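Structure first, then comments.
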Amino acid sequence: MSETSSPHRSGSVAVIGRPNVGKSTLTNALVGAKVSIVSNRPQTTRHRLLGIATFPEGQLVLVDTPGLHREQKRAMNRVMNRAARGSLEGVDAAVLVIEAGRWDEEDTLAFRVLSDAGVPVVLVVNKVDRLKDKTALFPFLAQVSEGRTFAAVHPVSALKRKGLDALVGDLLKLVPEAEAMFGEDEITDRSQRFLAGELVREQLMRQLGEELPYATTVEIERFAEDGALLRIGAVIWVEREGQKAIVIGKGGTRLKEIGGKARLQMERLFGAKVFLETWVRVREGWSDDEAALKAFGYSE
């Protein structure tokens with residue numbers, strides 16, 4: 001009796017949740033490469049991006065999104081919320097990422113957005129490795145699931161890559177039988193230029209922590225190949241002179257540290273030597289100016 005192989009499946013899955021629950025860490029873990037920057041600061045992800053996770057059984061095109069939140073005062077917050085909601089258009093399924101042991105109003109908001117979209121929702125309970133009392137997990141899952149419908153529920157640790165195989169198996173069941181949309185070596189739809197800017201922004205968040213002004217973004221002014229060398233020029237935009245001084249640091253030491261670590265990350269990701277220059281410039285009110293946001297690459 002001959003064995004029949006399972007059909008190949010391929011489809012898109014939106015990764016949704018409130019800020020700082022580990023959506024980007026989960027996306028990177030599933031893709032197997034760094035396509036989305038990560039920090040402890042909420043709202044690290046500001047753009048929709050595709051992470052392409054390819055397995056022998058199929059391919060998942062993951063739409064990593066900005067965290068859904070209630071803050072609507074700044075234009076940047078409104079644009080990011082619209083981007084998160086817009087990521088649900090045309091997807092086959094969605095992942096709602098929450099933090100183990102915690103459910104708040106923003107989690108409820110994210111669930112309502114997914115319910116309105118009418119797509120199958122897989123609940124991913126992340127950071128289970130941080131639970132001090134492991135016996136509290138099952139009562140928490142029962143509480144969250146009460147009155148809410150999920151296609152599957154998966155406790156995971158995205159950081160430690162625990163519980164991901166079972167999650168992938170259930171996600172592949174929710175996408176259609178189809179050929180892969182991308183080549184097996186492709187991991188994202190974003191350009192190297194975009195990723196370079198994100199790596200600088202990641203180091204800004206990691207080096208400055210709570211000192212980092214919220215209204216900070218990065219624009220890549222130059223990205224050029226010079227033989228085996230990549231020459232990259234990055235502008236860090238802030239809204240006030242005082243913020244500029246914070247980013248530069250005493251004697252330029254902080255900016256040098258940011259640039260040095262971002263360059264190493266770029267060389268690792270791009271597989272090439274990088275010459276990186278960084279500047280800090282001021283543009284007042286850019287984070288509440290939709291035209292400026294569009295110029296800096298923020299879109300819905």
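Every residue gets a Cβ built from N, Cα and C, even glycine.
Which of 8-12, 43-47, 188-192 counts as region 'G2' depends on Swiss-Prot, and there it is 43-47. Which of 64-67, 240-243 counts as region 'G3' depends on Swiss-Prot, and there it is 64-67. In the domain 'KH type-2' (200-284), helix, strand and coil residues by DSSP number 41 helix, 30 strand, 14 coil. All protein chains considered, the CB of K23 (GTP binding site) has 30 other CB atoms within 10 Å. Averaged over the region 'G4' (126-129), the predicted model has a pLDDT of 95.
DSSP gives T65 (GTP binding site) a coil state; it is part of no helix or strand. In the three-state DSSP scheme, N20 (GTP binding site) is classed as coil.
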